[in-house]
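Undergrad: Here it is, the structure in full.
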Amino acid sequence: MSTAKAPTLPASIFRAYDIRGVVGDTLTAETAYWIGRAIGSESLARGEPCVAVGRDGRLSGPELVKQLIQGLVDCGCQVSDVGMVPTPVLYYAANVLEGKSGVMLTGSHNPPDYNGFKIVVAGETLANEQIQALRERIEKNDLASGVGSVEQVDILPRYFKQIRDDIAMAKPMKVVVDCGNGVAGVIAPQLIEALGCSVIPLYCEVDGNFPNHHPDPGKPENLKDLIAKVKAENADLGLAFDGDGDRVGVVTNTGTIIYPDRLLMLFAKDVVSRNPGADIIFDVKCTRRLIALISGYGGRPVMWKTGHSLIKKKMKETGALLAGEMSGHVFFKERWFGFDDGIYSAARLLEILSQDQRDSEHVFSAFPSDISTPEINITVTEDSKFAIIEALQRDAQWGEGNITTLDGVRVDYPKGWGLVRASNTTPVLVLRFEADTEEELERIKTVFRNQLKAVDSSLPVPF
């Protein structure tokens, strides 16, 4: 039993949706121990002594996870160690094992020297002030002490079987699977093959150095190899997973990148066809076309804040059956558990495409599309980013448009929209624009440019 007092941990690692830092600098083995103590204490306070723990394929994983588990055990928690698995497999463990708490040690798509913690306590994904509360527990030494236990649990076969039994493929497909040397490589290619597809694996060996490309399918440059392979192999589809497998990137048979909001169009159509009136949630970065489409299918569109933890909370509150974020997190509550799961989402996509006579390019090109910018980032400071947004919400003049201020400022005009919001994870302002003509796109950009300059004339506006 440890009665030692914790060192002061850097405040910077306690972020909006998770805890994340640079290994050996802001995040050490000792830090992992005390974070384990805080999470264990919080879980026990909520009446949950059982905690599942997993880790991704990062090089720092084994050392950090050992200390994380020790911290949980020293609280008196019963730990189920599920080993090296994708994040959704850890979430799955926290749904189907005895306990409803779980900690995933993962750096997601950050560079190799990062690691972090995604945390579920008693069925709730922690965010914002709940993550700050863990830091306060450590500072106040408000920590449980006890003698817990650790059990190794092989959860992968159970997860594998549940998805395999859930998905019905109408015909086999040829799929290129790029795991970017992330932890999805331990299951995604094998599972997709078990569904009846022929799989061409790309970078599916787990390697925490990420020697081939960064495991972030949200950036087009990381999909170059996948696109080339899909074309060379004449494949039906390309799938790319991020470093911890909770996001998926999609490429059609002709090499077109399908952005997550367009993926959500297909998923919404499918889910609402069986569940008329279902709520479908999407974040403020998604296309305006989703709103009319979801309504047209007979569903109820719900726009919400960006952030996987925040979306999960909103799903619980609304009873939504499906949610998606522009970052690539997709959450199925229909036939699944409601957590973000890149691997399950990929399987659902294959099921839908297998039932369609058209190729994937034609399936997606049938949906309406606008001209859009990629995500534009303006570097500011941690302190100024929220102040700028507050000033824009308070003072800016946007003209004739529908203004949404639930996360930054989004203005929907008759023929397009613009968004400016503060990133919750980095000191940047995030912007995105979309319109049905180039002229309208430029007009909306000009409005936003002028309003930003009015708030702070020194701001760089790279658009």
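Glycine is treated like the rest: Cβ placed from N, Cα and C.
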Undergrad: Among Ser108, Ser145, Ser354, can you tell me which residue Swiss-Prot lists with the annotation phosphoserine?
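TA: Per Swiss-Prot, the residue annotated as phosphoserine is Ser108.
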Undergrad: Spell out yes or no: are there three or more C-beta pairs under 8 angstroms between the region 'Topological domain 4' (375-453) and the region 'Topological domain 2' (159-255), with each pair 6 or more apart in sequence?
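TA: The answer is no, given that the two segments have fewer than 3 Cβ pairs within the 8 Å cut-off.
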Undergrad: DSSP helix, strand and coil counts for the region 'Topological domain 4' (375-453)?
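TA: Summed over the region 'Topological domain 4' (375-453), the classes give 30 helix, 27 strand, 22 coil.
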Undergrad: Return the single residue from the recorded positions list (Arg20, Arg421) that has the minimum number of other CB atoms within 10 Å.
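TA: Selected from the recorded positions Arg20, Arg421 on minimum Cβ neighbours within 10 Å: Arg20.
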Undergrad: Provide the three-state secondary structure of His308 (alpha-D-glucose 1-phosphate binding site) computed with DSSP.
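TA: Note: His308 (alpha-D-glucose 1-phosphate binding site) is helical by DSSP.
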Undergrad: Taking DSSP states H, G and I as helix and E and B as strand, how many residues of the region 'Topological domain 2' (159-255) are helix, strand and coil?
TA: 33 helix, 21 strand, 43 coil
Undergrad: Work out how many Å separate Ser108 (active site, non-phosphorylated intermediate) and Arg20 (active site, proton donor) at their Cα atoms, rounded off.
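TA: On Cα coordinates alone, these residues lie 9 Å apart.
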Undergrad: Here are the recorded positions: Ser108, Ser423, Thr425. Which has the lowest count of other Cβ atoms within 10 Å?
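TA: Thr425, out of the recorded positions Ser108, Ser423, Thr425, has the fewest neighbouring Cβ atoms within 10 Å.
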